[in-house]
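Asks: Would you mind keeping the following structure in view while I ask a few things?
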């Protein structure tokens, strides 16, 4: 891992808009991108397709030879990666310490020139603690549920508000209370509550903070 390559991290809970902001900033800066949640979801998709029991030792055995880049090309645009069951499995995988340890090193290999935008739940606290800018993006639960429903609609999937509300609430509790890499903002993170902000406002605010640190 080259610590001289700049990294910007975006952490936050489910449905906070991390992935959208990450992609926008990466495009503006022409930097590399790491969506850590996609990695866990791709692993969850593989587990579903191969009917692998969700036991840590079983998953570790396939991880070392798992070609994420190739599997991503085949599955990222598929509806299956957005299924709630995939998200639930991904959340469970994130509680296994050995799996997180293996994926930690894989994630750090994404750090390449000219720079990296990394989004997830522990990017600024664990994976890239030396990031030049750390954002912690959040919003109230109701807003995040609404946004996720709209996101799912774009992929052709529908889910009830009540069901999704309960699922994200459970996910929040699991993320915040797990023993390994729990979800919390880094001490030096810029906390951005987007509950009452438009996407354009979030992007504008974020880019202003980035412009203070780097020359674009």
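Numbering starts at 1 and runs along the chain as it is shown here.
The backbone N, Cα and C atoms fix where each Cβ goes, and this holds for glycine too.
Sharing the record's features from TrEMBL:
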DOMAIN    8-211  domain 'Cytidylate kinase'
BINDING   12, 13, 14, 15, 16, 17, 18, 19, 20  ATP binding site
Asks: Sort out the sequence-distant neighbours of residue 18 (ATP binding site) for me: same chain, 6+ apart, CB within less than 8 Å of its CB, listed by position.
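Replies: Listed in sequence order, they are 10, 11, 12, 37, 119, 120, 137.
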Asks: State the count of C-beta atoms found within 10 angstroms of the C-beta of residue 14 (ATP binding site), not counting that atom itself.
Replies: 24
Asks: In the same chain, which residues outside the set 12, 13, 14, 15, 16, 17, 18, 19, 20 have their CB within 8 A of the centroid of the CB atoms that define the ATP site?
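Replies: Same chain, not in 12, 13, 14, 15, 16, 17, 18, 19, 20, Cβ within 8 Å: 21, 119, 137, 139, 144, 147.
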Asks: Including all protein chains shown, what's the count of other C-beta atoms within 10 A of the C-beta of residue 20 (ATP binding site)?
Replies: 17
Asks: When the number of other CB atoms within 10 A of each residue's CB is tallied over all shown chains, which of the binding-site residues 12, 16 has the maximum?
Replies: 12
